[in-house]
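Okay, structure first, notes after.
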Ligand code: CP
Ligand code: NVA
């Protein structure tokens with residue numbers, strides 16, 4: 001693994017290695033054991049969109065591993081005034097040991113990785129959100145004891161979250177059903193890639209407009225905001241189209257009795273999910289948010305850490 005841009009680029013083993021390292025780092029963090037895996041290393045964090053979890057978890061994660069993170073708002077760096085990615089990538093590679101980027105166009109992340117000489121981590125584009133799904137998988141594994149053979153149902157917008165869940169679930173051997181209105185279904189190439197992976201891992205991918213069929217007997221129920229960052233102009237139309245995909249008590253009751261509820265957050269109660277579900281006993285949203293820290297520490301350790309130090313975590 002050279003970068004983390006899409007979970008579709010990773011092997012099943014690479015994803016399980018990240019989860020293994022994350023579990024060990026989390027356990028040690030709880031015991032108060034400190035680390036020097038990223039001593040003297042620096043991570044630049046480019047943000048062209050807002051963030052609570054991603055910004056704080058990356059910055060804290062770097063600190064906990066002995067390194068330092070720099071918050072680079074695209075409003076403040078020259079990238080926001082039109083400096084090209086090629087120059088930005090080459091310049092930042094002379095100072096930093098890694099770059100994390102949250103932006104709109106997915107192609108910007110690919111270009112940054114192509115022209116830079118250091119690892120690039122995708123911290124959300126309009127297309128994918130791999131860091132979130134690594135934390136989601138960690139959370140599911142903690143609550144269910146395993147990933148293989150489980151069914152995840154995603155209800156709502158066929159967006160960056162749905163796309164990364166399609167990749168993440170099929171890679172690790174989980175069945176996935178995605179229910180969205182026809183107009184907002186996931187891109188065809190993502191569905192095709194996920195279906196190809198599903199053939200290899202022996203799982204199913206269901207893409208449907210039928211929320212009830214998707215959620216039936218699910219072990220994990222997932223939703224995300226209907227209005228992603230930068231897509232605020234779709235609000236009025238989406239509120240009309242998405243009503244039947246709201247994760248409420250009635251729909252949630254079709255999932256397994258012990259199903260867990262996940263949401264990447266930020267959440268909008270009364271829209272994609274009702275309070276009785278997101279604040280109910282099956283919701284594990286705060287464990288999920290916490291796991292952003294542990295999963296990303298694992299990613300940074302594996303991408304930027306001293307090889308020998310990291311190897312001990314894979315045993
Ligand atoms: N889930 C997530 O990425 O949250 P932030 O937008 O707060 O970083
Ligand atoms: N789909 C949401 C995810 C936020 C973490 C967005 O892109 O705004």
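Yeah, the Cβs are placed from backbone N, Cα and C, and that goes for glycine too.
Where the annotation comes from TrEMBL, it is an automatic prediction and has not been curated.
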Listed co-binder of L-ornithine (same site as 224, 228, 229, source TrEMBL) among 160, 163, 291: 160
Annotated binding-site residues 131, 160, 264, filtered by Cβ under 6 Å to ligand 1: 264
Contacting binding-site residues, sequence order - 131, 224, 228, 229, 264 vs ligand 2, Cβ under 6 Å: 224, 228, 229, 264
Residue 264 (carbamoyl phosphate binding site) versus binding-site residues 160, 224, 228 - nearest by Cα: 224
Carbamoyl phosphate binding residues 51, 52, 53, 54, 78, 102, 129, 130, 131, 132, 264, 265, 292: largest Cα-Cα distance, in Å and rounded to whole number: 30
Remaining residues near the recorded L-ornithine site, that is with C-beta within 8 Å of the centroid of the site residues 160, 224, 228, 229: 124, 126, 129, 157, 159, 161, 225, 231
